[in-house]
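*Asks:* As listed in Swiss-Prot for this protein:
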BINDING   R37, G38, R69, D88, D89, L90, V91, D92, T93, G94, G95, T96  5-phospho-alpha-D-ribose 1-diphosphate binding site
BINDING   R69, D92, T93, G94, G95, T96, W134, I135  GMP binding site
BINDING   D89  Mg(2+) binding site
BINDING   D92, I135  guanine binding site
BINDING   D92, I135  xanthine binding site
Amino acid sequence: MSEKYVVTWDMLQIHARKLAARLMPSEQWKGIIAVSRGGLVPGALLARELGIRHVDTVCISSYDHDNQRELTVLKRAEGDGEGFIVIDDLVDTGGTAVAIRDMYPKAHFVTIFAKPAGQPLVDDYVIDIPQDTWIEQPWDMGVAFVPPISGR
């Protein structure tokens, strides 16, 4: 990955609210299935904004920090996804998205961020991200002192 796109907590909340507004009316949804781990925080934000209390997870492992690897399903939510929103933080190459579509063919699959290779696999997303860009999510970063450039 050649570029980095840094996401702040404020940005994430703004994007999640935009997505939630597009998912109204909330009564059409039975619940949310958050893709662990990237979809957990966006899933909580959507649950809050839409007033949805039924939240489940599908646990899929496909990254080791910044390296993509083979997909492993560790835990899945029951059913075919009918009436459910499935949320992940982003769709990248589409590997996870294909697995989600296979597991939950009737779900409404959404992400906050989408790269070109994965865009056709989601029903909705908020922000376009170039394919060669790594996204730094706020839950992966800490706040630290940065000395002034002048050194004084």
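For all residues, glycine too, the Cβ spot is worked out from N, Cα and C.
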*Asks:* What is the separation, in Å, between the Cα atoms of R37 (5-phospho-alpha-D-ribose 1-diphosphate binding site) and T96 (GMP binding site)?
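*Replies:* T96 (GMP binding site) has its Cα 12 Å from the Cα of R37 (5-phospho-alpha-D-ribose 1-diphosphate binding site).
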*Asks:* At 10 angstroms around each C-beta, which of the binding-site residues T93, T96 has the fewest other C-beta atoms nearby?
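*Replies:* Per-residue Cβ counts within 10 Å for the binding-site residues T93, T96 bottom out at T93.
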*Asks:* Minimum Cβ neighbour count within 10 Å among the binding-site residues R37, V91, D92, G95, W134: which residue?
*Replies:* W134
*Asks:* Enter the number of other CB atoms within 10 angstroms of the CB of D89 (5-phospho-alpha-D-ribose 1-diphosphate binding site).
*Replies:* 23
*Asks:* Taking just the CA atoms, what is the gap between G95 (5-phospho-alpha-D-ribose 1-diphosphate binding site) and W134 (GMP binding site) in Å?
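*Replies:* With the alpha carbons as reference points, the distance is 16 Å.
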*Asks:* Once the DSSP letters are reduced so that anything not helix or strand counts as coil, what is G94 (GMP binding site)?
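*Replies:* Its secondary structure by DSSP: coil.
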*Asks:* What are the sequence-distant neighbours of G94 (GMP binding site), meaning same chain, six or more residues apart, C-beta distance under 8 angstroms?
*Replies:* A117, G118, P120, L121
